[in-house]
Amino acid sequence: MFNRFRLVHKQLRLYKNFGLLGQKASVGLTLPIISLSRPYMAYMGTERSVVMITAPATKEFAESSERSNSSKKTTNKEQSDKSAESRMATSGIVESFPTGALVPKAETGVLNFLQKYPEYDGRDVTIAIFDSGVDPRATGLETLCDGKTVKVIERYDCSGCGDVDMKKKVTPDENGNIKGLSGNSLKLSPELMALNTDPEKAVRVGLKSFSDLLPSKVRNNIVAQAKLKHWDKPHKTATANASRKIVEFESQNPGEASKLPWDKKILKENLDFELEMLNSYEKVYGDIKTSYDCILFPTADGWLTIVDTTEQGDLDQALRIGEYSRTHETRNVDDFLSISVNVHDEGNVLEVVGMSSPHGTHVSSIASGNHSSRDVDGVAPNAKIVSMTIGDGRLGSMETGTALVRAMTKVMELCRDGRRIDVINMSYGEHANWSNSGRIGELMNEVVNKYGVVWVASAGNHGPALCTVGTPPDISQPSLIGVGAYVSPQMMEAEYAMREKLPGNVYTWTSRDPCIDGGQGVTVCAPGGAIASVPQFTMSKSQLMNGTSMAAPHVAGAVALLISGLKQQNIEYSPYSIKRAISVTATKLGYVDPFAQGHGLLNVEKAFEHLTEHRQSKDNMLRFSVRVGNNADKGIHLRQGVQRNSIDYNVYIEPIFYNDKEADPKDKFNFNVRLNLIASQPWVQCGAFLDLSYGTRSIAVRVDPTGLQPGVHSAVIRAYDTDCVQKGSLFEIPVTVVQPHVLESDQNTPVFEPASSKGDNSVEFQPNTIQRDFILVPERATWAELRMRITDPNRGEDIGKFFVHTNQLLPKQSCRKLETMKIVSVGSENESIMAFKVKSGRILELCIAKYWSNYGQSHLKYSLRFRGVEAHNPNAYVMHAGRGIHKLEIEALVAEDVQPQLQLKNAEVVLKPTEAKISPLSATRDVIPDGRQVYQNLLAFNLNVAKAADVSIYAPIFNDLLYEAEFESQMWMLFDANKALVATGDAHSHTSFTKLDKGEYTIRLQVRHEKRDLLEKISEANLVASFKLTSPLTLDFYENYNQCIVGGRKYVSSPLRLSTRVLYIAPITQERLTKANLPAQCAWLSGNLVFPQDEVGRRVAQHPFTYILNPAEKKSHTNGSSNGSSAAGSTATAAAVTTANGAKPKAPATPQAATSVTNPAAGDGISVQNDPPVDSSGSPASPKKGKANADDYAESFRDFQCSQIVKCELEMAEKIYNDVVAAHPKHLQANLLLIQNIESNQLKSQLPLTFVNAQKTSPPEAGESADKQKEDQKKVRSALERIVKLADKVIQETDSEALLSYYGLKNDTRADAAKIKTNMDKQKNTLIEALSKKGIAVAKLAVLDDCIKDSLAEINELYTEIIKFVDANDSKAIQFALWHAYAHGHYGRMYKYVVKLIEEKRTRDHFVELAAINGALGHEHIRTVINRMMITAFPSSFRLF
């Protein structure tokens, strides 16, 4: 059947799952229209990396594939053949669907195994799923095969994302009423109170937003549904009404708005702002998060959790749920999200378990799904599941060190307590920079080596280039089973709707061996796609997913079958015997890329036979540690230039028993094995025999690559027990050698073209053909251009899709550091060009693959051209401003047109910790058995943002490290001034920017380890905040040093031949730094430098550039925000004596500052701690020279007295005020300072509707409380009247007409103009504040007297007087403008002013006022939303890690 065949033209769309930071995403691939009429081609690892598989070979493969499944009954086989023929027919309806291939099992012998051993179906086996969470209500995951026993026996969120702080205890009153952390009143019914077994009947309260407990897509669906149900109708009605009012006003007042009278103008403004308010809430609705009150108390059946999903406080109608480990309860929060709970630390922490993606449920379904139809069962349908969520929802489902360690700790605990975890499946991973060390890897080894858990991990979806295996399985020891992804013909038909079945193969994107240190990361391959169950929140029963994430659970399920059988036969096993069995019995696929399949395709039947046949083998309970050289590499890997000499290696081999520390000493003493060592290739040599007892032996291995042709070459040294050769090798030493092509040095343009037997120099590609070329990148090359074209005749506009993957390995860097992955469309009419960055002197792998499902044969002609321009002088890409002019010596690989450009795009601020505190973590889930307490070092940092900016935050010493890190966690959380969580980051946060509003922020960084002394060493670790500049800073180049000094003729472009050109860069001027508005304390600027004029080269050949600024200058500051002067080192200080809400300020640092009268909103933005306030009254900033005279003394004493007016109690303040006024009757500042004192002591509510609502509270009929309320109102009235009198004094003593005349001047030519301006500004600010204070007091008095309309004339007069000097939005006037809008009933204007105040400083009072505004307008749906926003925006404490 495979001899010759032809595929019909058709288009097909497939989906491939890629892993990005632990989160799976689907990428659609549209495949071309191509015909196939040639035999199949496959990779074989020769120089050209491609060979033809002959027709007999393909026939042999087909026959072997059929033989592997021939244990079924003949009748079944005939029926299957007939079904296959009918499916391939051009007409007719097929009544049977190939359901068995939806969750494939036949390929690996699982079906035959279960048919032979139906009782070995995974019973008595538990699989831990380290993933994004498992839905126990998904189809097939509810129960075991008996239909009764729960399948998902435990659910844990190990990430901390679902943690709720429940430390606060409250006791209900006699009616069961308590106050939740949301501020809502909650009522416990007598039934609930009776369940409470707490001795004091106390309950614990907490607050939780569930927004990060489910994927963003599902969160959007929830928001969309809620919006449709509760928002759209009232909001659309309100919007229409607001629009209608505007139309009516315009029809009644025709003409230009600017020509309207003043009262009509503000009315029009109000209507416009009402509509603007409605539109703004419509835009932000999707970002609003809902937080729920959580109540927790003990009962006779364990802890009971109540979540007030009603938001009304009626706990009888709220969600009730018990601990999952006791009750296995899962409850729906809404139509999408279901949760379970666990309780830790005696009730102090409530763990709410959700799911950060559907991935974990899909994985579990493959491993252990149990369905009514056995065709779609998982591999081990009767195995139990323990769900361990390691994907943190705060990080978009990426795994964290904290989650991994907690998950491993829980596995250890369960094994220790007799609830054994037999298998771990981990379809997660990243790429580590090195694998021979790291705390996470060490603990993984401990789980396997000490607790005997078989750990299965996905190899990764990062192929087809070599050295792309992820971590895990690439850790310090090869203790894990790594799995590659395979696709069978049956899967192609059933899962992908392909019109023809191609021969089985690995997926193009599955990661490839070797590990960077030479080890083997891929143990076996298995089916890597399935249409399996997904969580209910997807609103789908099943979905197609593919990737090594799907291959790993297939193997994990298969291991569960093996262990189930071994347990029932009472055969002792270990993770080592399991791994060796599946390795030596795997079906080697000779036509498949050997670097992708490991030992071959998993064969469950043969693996079980091997385990039972060799049950008495003395090596079943031990592993063989293989370490190469001093770095303890797992294998030998030569990829460092051209190999011209043989190399000798010392390889250390050590047998280690399972749980070595507790192993029987007699077993160690008696152990001896005599080994025969066999190298698979003649260019690898070693001794033939090794006698090995329980201890370390070393052998010498010589690798002689001198005779190897360019390409990749692999070999392996296998060690066989001479007493039992048939059980296969006990261990292997993998060897990989890469010999690169070296381009001729005399070439004008270095170009690589592959050798080809075709006349047109093309290479033939079939589906999944992989062509690898290894080229030594020439010196001075910085980028390469790949040119491709199809040479097949008569192709017309037909195109081919090629997966191009280039990779260069750099020391102590992951494979992702310098690589390019791209799917390129290639046609026959025009060349397709792909450019990418390269590193000179390093071997480049150019890997071109035809996608696995891409029908048709193509002949591809391609070439690789190297180009480059770079600076070669030391520290060329780092410039220090303090060193002046920076020099660049640039050279080109070939003749290039040079047009350098240097753009600095980010400003980097170093943040030093303000606090570092080491403390023990949870005593229940952060203690590694036995008794190894994990500690945290919690570092706190302050970040001030002067204006809204995009900011990235990272910890340099922990950045880009996870599995290889010495510490197990480096998570940080960014909080605003109200302790609301704004952003979260971890190992890879340096590339993620967050939009931050103006304000002050706190960053908390948690670093974890079990050794306190190590944590102490990082107490001074700093963070870096990277601010995106609003516009990049571009630096100029000069060809002449002197021209650079004077800023003369600039260098633009010129041709660069085979010579060196010197260019100079001048430091950035202070003026430009000031205009750039850099953040305070900026340490350096970062950006990119490009040299080539060629546009393609400019996109890819970018050199990271760092510009180090001069140290910050310390000097006096003025009110306002930092403008980035002094190399962005200077900052502004907030010098306000008053605050926006009238709170009593701190004492000023100097007497002179006491007379400062500033705007109510001052003090927001960037500030420097410990800087003294600045006197805005015009008093000198420093003492006068010489001895002080009597006038100086009097003035200083006056200023000191004024400073005490603000600080003292009101009675004392009045006395000091009287003294100041008596001595200095014209000193108007004293009046305003006394007003501030009165406001801070007696007037708490400053915003209009808040104040009004406080006065509307109905007084009691009689009694002591009524008298007290009347007395309080009397005090308020007295205070307001006093404010009016004090303000009147200032207003009467200030000549407003003179001020207006002065500010009407265009130019003041008087000699003392500056002094006059200072004095006039002082008078203006004093007058504005007095007018504002009086206006607010008058409005409040009118509210108390319920005669606001009678006071409108006076309020309007004060308002019009203020706006003669400043705009109503000005911070000096906005508080009174808010009251003026209230007096007129202009709620739209009120909204606008409150939003302006929020931009300056976000407080709960502002949100309360917004809610009241919408309540007054009748917008109850908006009021409800604002109340929700307040709960989330103003938490009582920082969120838990």
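Here the Cβ of each residue, glycine as well, is placed from N, Cα and C on the backbone.
Copied over from Swiss-Prot, here are the features:
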{"type": "REGION", "residues": "62-89", "note": "region 'Disordered'"}
{"type": "COMPBIAS", "residues": "75-85", "note": "compositional bias 'Basic and acidic residues'"}
{"type": "DOMAIN", "residues": "107-608", "note": "domain 'Peptidase S8'"}
{"type": "ACT_SITE", "residues": "D131", "note": "active site, charge relay system"}
{"type": "ACT_SITE", "residues": "H359", "note": "active site, charge relay system"}
{"type": "ACT_SITE", "residues": "S549", "note": "active site, charge relay system"}
{"type": "REGION", "residues": "1139-1190", "note": "region 'Disordered'"}
{"type": "COMPBIAS", "residues": "1139-1155", "note": "compositional bias 'Low complexity'"}
{"type": "MOD_RES", "residues": "S1182", "note": "phosphoserine"}
{"type": "REGION", "residues": "1255-1274", "note": "region 'Disordered'"}
{"type": "COMPBIAS", "residues": "1265-1274", "note": "compositional bias 'Basic and acidic residues'"}
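Secondary structure of the compositional bias 'Basic and acidic residues' (1265-1274) per DSSP, as helix, strand and coil residue counts: 10 helix, 0 strand, 0 coil.
A C-beta separation below 8 Å, combined with a sequence spacing of at least six in one chain, links D131 (active site, charge relay system) to H359, G360, V363, S364, S387, M388, T389, I390, G391, N425, M426, S427, Y428. Along the domain 'Peptidase S8' (107-608), the predicted structure has mean pLDDT 93. Neighbour density for S549 (active site, charge relay system): within 10 A of its CB lie 28 other CB atoms from the protein chains shown. In the three-state DSSP scheme, D131 (active site, charge relay system) is classed as strand. The 10 Å shell around the Cβ of H359 (active site, charge relay system) contains 30 further Cβ atoms across the protein chains shown.
Reduced to three states, the DSSP call for S549 (active site, charge relay system) is helix.
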